[in-house]
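**Student:** This is the structure I want to talk about, given as structure tokens.
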Amino acid sequence: MTALLYVLGALAALLLAAWAMRLAGRALSGNHPRFRDMGFGEAFGWVFAAAALVFAVWLYGREGAVFFRWAVQGFVIFALAAWLFRLAGRHIGTGGSRKLFRAMPLTASFGVLVVLIYAILAIFAGFIAPYGQAEILGAANVVPGGDPALGGNPAYPLGTDQIGRDILSRLIYGAQNTVGIAFATTCLAFVLGGSMGFLAATIGGWLDQLLSRAVDVLMAIPALIFALLLMTIASVWSARLGVPLTLFMVLIIALIDSTRVFRLARAVAGNIVVMDYIEAAKLRGEGLGYLIFREILPNALAPLLAEFGLRFCFVFLTIASLSFLGVGIQPPLADWGTMVRDLAQFINYAAFAPQAAAAPLLAAGAIALLTVAVNFIVDWMLHRSSGLKE
Amino acid sequence: MGSVTRIVVQRLLLGILTLLVVSIVIFTAVNLLPGDFAQAVLGQGATEEAIRSIRRDLGLDQNIVLRYLDWLGGVVRGDLGVSFAQMNFQSNMGGGEMKTVAAQIAPRFGNTMFLAGVTAMIAVPLSITLGVLAALYRNSAFDKGANLFTLSSISSPEFFLAYVLILFLAVIYPVLPSLSNIYEGMGFGERLEKTLLPALTLTLVVTAHMMRMTRAAIIQLLSSPYIEMARLKGISPMRVIVRHALPNALAPIINVIALNLAYLITGVVVVEVVFVYPGIGQLFVDAVKIRDIPVVQAACLIFAGAYILLNLTADIMSILSNPRLRHPK
């Protein structure tokens, strides 16, 4: 209750300060248009931003605010890295890539940088990671940070988990498993949904009706709920057939997401099928394969690519959520969602051992960072293709 | 008015039809299980006799269409069967009243609704206000900052946001409880306090999308002649947006609000697990883990029903808020 009173008091003080700031600005600058025409809302915005900045600086200097300091440092480091990466991209590379980098906003270059780092980690995980992903080492629950005074060990910079596996290695292998599986699933969803969508648009008639209605029904069930239902059934089958559950998960999520791809592919192809050049190809006697791969696919590629980025994010988040709930990627494969669930209880030690609480947040942050990066890239691509207009 | 009623009734019938087909899908999916329920209920060490008697009790010896109709009839009457866990307990320990799935779900459904309600109460006004402000000060530092923030919070997984909030608001600065242990007969204030952290997490997830759509819907209108007219009359930018642009942007905004509330249904599952909130999502995940089919089936149907209902509401509201659709020529 007192917290609420503090917030209200601060708000009232800010409102007063905004009014005073505008009045003072008018008086001191001799009624400069900047202050003369300033709305109260804008004045409040400036004062609020200034207050937030002062508060952030104050918090940064405080003893206990370790996580806030880490967050600020992380933000600054990533912003700097993105800026340097863009600078490098503007001077190195072919003419085309340099031109691309020149018009790139900082958020997009951040996205490209992060995706590159993840790709390198995922591909070379076996060489980069100091230990194996399922390797059980001597000590369990070593605190991250590598400081022996605080219960760390320099051999395991991010500590070990509850049964003594190196967290850093598992994070790196997680890039391979989580991102790799999500990528494969998205590709499968696109092959499935894309081909069905193109077929439905090209052939039309009863096939189109059948597929579209089937997709309507599947889309009426929320994706995560449907995935959980099917995973329940798959878990019984996988125990019986001896097929890993992870494979079932890939198939199930690919099926669910292919319905969304189908919608888009069918809509895009529907606009292309009515074009004159398709008519001409049909009259020429071209087969279905030629029509789809040589005529429709090249023209539908741009919107499908943007969708691929977004779809990848959704698939990635669904897989992470399933793993977090305990029915996704199965051990011994290292995976970020499972790591968050296993390490989550360490967050409660944040007040006196901030290093210990960092491990689950690193795994969850790794998921968030990649999806944010992909979203930034897609946002920029959409902005570019829409002709830089609002 | 007659035509509107007709459209609404049409949509409602379509919704019921969809729900019916969805129930068929769920039922078929569950029947893809290898072996049958009887074995699943009793586990490995069941005798032949016990399996046969359970099969008879559950009607598993009948054909699948009859079983579906029987199940559907039960669902309509509010009878969702008995969970395997309860059945197993009874067959091993004997005696005692069995709690039906409906009785298990009912209080948790109320809790989930409370959580969703609190979230909506915070998220809807907040996102509309922020969306209007972002449209008013478009391309300013505020707009860019809001864009960055919303894009990041849309793309973060729910559990990441949840743990970050727990870290700051429950562990480092203990303002709110990190576990939502809600029980019956709890006062409203205390209940609200325990619900606040999960509700804030869900707010972060849905606000971003609603705010972006509000901003886009308003900005799209700003180039129309009547807005220019209003501006040339000399009224303030805030008034132009709130009095002139907002009412016309209402249809897409209502639509996106309803769709996001539908999205809440999915988000609720993960968030309830993080905060150990005794809602239907947590029950669902627990049932999935122990393969308790009747509970999974029932929860799935409820989630799908709510999802369809909210989508339907979005559809009907956007018809009602658009005079051109309300009075078709």
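Quick reminder: no glycine exception, Cβ is built from N, Cα and C everywhere.
When I checked TrEMBL for this same protein, it listed these features:
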- A:6-23: transmembrane segment (TRANSMEM)
- A:43-61: transmembrane segment (TRANSMEM)
- A:67-85: transmembrane segment (TRANSMEM)
- A:106-129: transmembrane segment (TRANSMEM)
- A:175-382: domain 'ABC transmembrane type-1' (DOMAIN)
- A:181-207: transmembrane segment (TRANSMEM)
- A:214-233: transmembrane segment (TRANSMEM)
- A:239-256: transmembrane segment (TRANSMEM)
- A:308-329: transmembrane segment (TRANSMEM)
- A:349-378: transmembrane segment (TRANSMEM)
**Student:** Near the transmembrane segment (A:181-207), which residues from the same chain, at least 6 beyond its ends, have a CB less than 8 A from one of its CBs?
**Tutor:** 246, 249-251, 253-255, 257-270, 272-273, 288, 291-292, 296-297, 300, 304, 308, 311-312, 315-316, 319, 329
**Student:** Mind checking which residues of the chain, 6+ beyond the ends of the transmembrane segment (A:6-23), have their Cβ under 8 Å from one of its Cβ atoms?
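**Tutor:** Residues 35, 38, 40, 43-44, 46-48, 51 contact the transmembrane segment (A:6-23) from elsewhere in the chain.
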**Student:** What residues in the same chain, six or more past the boundaries of the transmembrane segment (A:43-61), come closer than 8 Å to it by Cβ-Cβ distance?
**Tutor:** 14-15, 17-19, 21-22, 68-69, 72
**Student:** May I ask for the residues of the chain that lie six or more residues beyond the transmembrane segment (A:308-329) and have a Cβ under 8 Å from a Cβ within it?
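**Tutor:** For the transmembrane segment (A:308-329), the far contacts come to 177-179, 181-183, 185-186, 189-190, 223-224, 227-228, 231-232, 235, 245-246, 249, 253, 257, 260-261, 335-338, 340-341, 367, 370-371, 374-375, 377-378, 381.
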**Student:** Using a Cβ cut-off under 8 Å, which residues of the same chain at least 6 positions beyond either end of the transmembrane segment (A:106-129) come close to it?
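**Tutor:** Residues packing against the transmembrane segment (A:106-129) from afar: 78-79, 81-83, 85-86, 89, 166, 168-169, 172-173, 175-176, 179-180, 369-370, 372-377, 379-380.
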